[in-house]
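Undergrad: Heads up, here are the entries from TrEMBL:
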DOMAIN    A:102-314  domain 'ABC transmembrane type-1'
TRANSMEM  A:9-27  transmembrane segment
TRANSMEM  A:102-129  transmembrane segment
TRANSMEM  A:141-163  transmembrane segment
TRANSMEM  A:195-214  transmembrane segment
TRANSMEM  A:253-275  transmembrane segment
TRANSMEM  A:295-321  transmembrane segment
């Protein structure tokens with residue numbers, strides 16, 4: 001088991017190195033760089049920036065150096081000092097820029113995730129056990145609607161409802177009076193009272209999908225011979241269903257749970273834009289548009305790190321859950 | 001002597017979109033105490049559905065639509081329990097404690113994510129008021145009894161860590177863990193190779209001697225039936241056409257279908273020029289049951305105007321109960 005984890009860690013480092021490099025290449029691919037954005041903005045205001053000043057900017061940001069040097073300088077900072085570099089557009093260090101937003105993104109996403117699980121698993125299990133019943137059809141119907149309605153649409157509708165009927169200050173995660181306040185109990189409660197709308201919006205599509213997956217997985221297991229064995233043993237119906245087929249049906253779920261991790265900090269971008277939530281998604285979107293390369297690179301690097309960590313965690317979770325996988329790990 | 005289990009006019013139908021398939025349609029048979037009844041017949045004749053109907057394990061779209069399944073008590077002259085009419089709770093008490101089952105595919109019929117011990121202990125503790133440790137000891141004892149080496153270690157193994165034969169042994173250990181009075185074995189050796197098959201059959205016979213339980217063995221293999229059965233019931237198209245002592249049924253079969261089946265079994269030392277005779281014709285399609293005797297379209301002794309009109313009732317001829325118009329008063333007239 002330890003050997004397995006160690007081997008995976010080595011591969012993770014190699015994978016991340018490759019990803020960071022490719023990311024850098026991709027950011028560099030479009031013609032121009034951040035100075036192009038600066039010039040365009042200046043021209044839009046009717047100003048003209050002299051060439052000498054542009055050269056000065058390029059030198060200041062290191063954009064005049066060869067590509068490979070820029071990459072190595074950045075990655076050296078990341079690895080040796082945990083320094084993600086400077087954001088050109090915000091003129092701040094990337095770390096300070098992202099920190100708070102990543103935290104809020106994770107709060108929102110984890111809360112949505114728990115919401116999704118709490119709703120989707122019981123409904124999916126019920127749907128499979130009572131296949132073709134009225135409840136199953138209702139769950140399927142609502143599920144398909146949930147998957148089909150775009151999130152931004154749902155966000156707008158929820159904001160309308162929240163504003164019209166509950167008189168809430170919609171948009172954002174905080175009421176105006178708390179937005180810049182330091183953390184205290186009032187601010188926390190305010191956050192919770194705002195959080196439910198984005199949670200529902202972000203969670204609905206995931207809930208719908210997970211209901212379908214849970215239902216299909218369980219239907220596959222429900223008529224296997226081992227279920228008949230359990231029934232022949234005289235176990236009460238609900239007990240045997242939960243112990244045997246439901247448990248089996250969750251294995252595929254564990255093998256994909258790791259992919260949720262990167263979604264935790266980037267999944268709700270569109271919703272965040274619509275509802276103007278101070279999370280990380282809109283920031284990334286803006287950074288990509290203005291070729292703010294260290295900011296984008298750091299984002300992608302963080303997302304990639306979370307992806308590989310998530311994959312590994314889900315492998316470990318699956319091993320914990322399913323002895324067939326576990327015994328294979330133990331051998332090699 | 002009073003039988004242990006009596007199935008009367010059992011009917012289990014599959015209610016499908018385009019019609020009703022009468023998989024089991026009037027099965028009557030009895031399982032003698034402490035002995036082995038082999039239920040034989042071609043694929044699709046309803047043997048397995050009959051076996052599953054006994055513990056009411058059939059699932060949609062199958063449904064038990066009629067009949068009685070009577071489980072007799074050990075004490076004579078007590079009223080038998082009709083399993084088809086029993087309440088769910090009472091039925092669950094009968095399951096495993098009185099009647100246990102072994103299925104065809106040991107890999108599929110054990111849960112792969114629970115240890116063998118866990119699955120046996122669960123059965124023991126469900127039916128008997130014993131502690132965890134005691135149930136575990138029982139599991140180890142049973143694994144040892146069915147010939148699984150190193151049972152103390154194997155009790156914590158998962159089914160996929162065992163070979164096919166060992167898995168079936170574990171399944172048998174689980175089935176016998178509550179000392180049932182009847183073990184229903186549904187094609188228990190079909191998925192195994194011939195050597196393992198013989199070992200498992202021997203084991204079943206040994207265990208029967210030791211525990212004194214009755215065995216109802218579902219098989220399509222007349223050789224298997226001949227090896228272990230005391231009684232044989234022959235099924236064709238959802239009904240029992242013949243039941244009697246194994247020696248009589250297999251050496252002097254009464255029903256033309258059984259006769260054809262017995263002829264179709266290759267024998268060691270059979271002369272090369274004798275061609276193996278298969279049962280003539282094919283099983284009719286599921287929605288078209290023949291009128292009169294269901295076997296008449298394939299029967300060598302078909303009597304026109306009789307077999308295709310009259311449904312034969314069961315009569316006793318020598319020691320054998322047979323449903324055929326060649327026998328009984330009908331035939332003498």
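Including glycine, each Cβ sits where the backbone N, Cα and C put it.
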Undergrad: Count the CB pairs under 8 A between the transmembrane segment (A:295-321) and each of A:9-27, A:102-129, A:141-163, A:195-214, then give me the winner.
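TA: Going through each listed stretch, the top one turns out to be A:9-27.
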Undergrad: With Cβ-Cβ distances below 8 Å as the criterion, list the same-chain residues six or more beyond the ends of the transmembrane segment (A:195-214) that contact it, or say none.
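TA: Residues 107-109, 111-113, 115-117, 119-121, 123-125, 127-128, 139-140, 142-147, 149, 151, 154-155, 158-159, 162, 168, 170, 173, 249, 252-253, 267-268, 271-272, 275, 277.
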Undergrad: May I ask for the residues of the chain that lie six or more residues beyond the transmembrane segment (A:9-27) and have a Cβ under 8 Å from a Cβ within it?
TA: 67, 70-71, 74-75, 78, 291, 293, 296-297, 300-301, 304-305, 308-309, 312
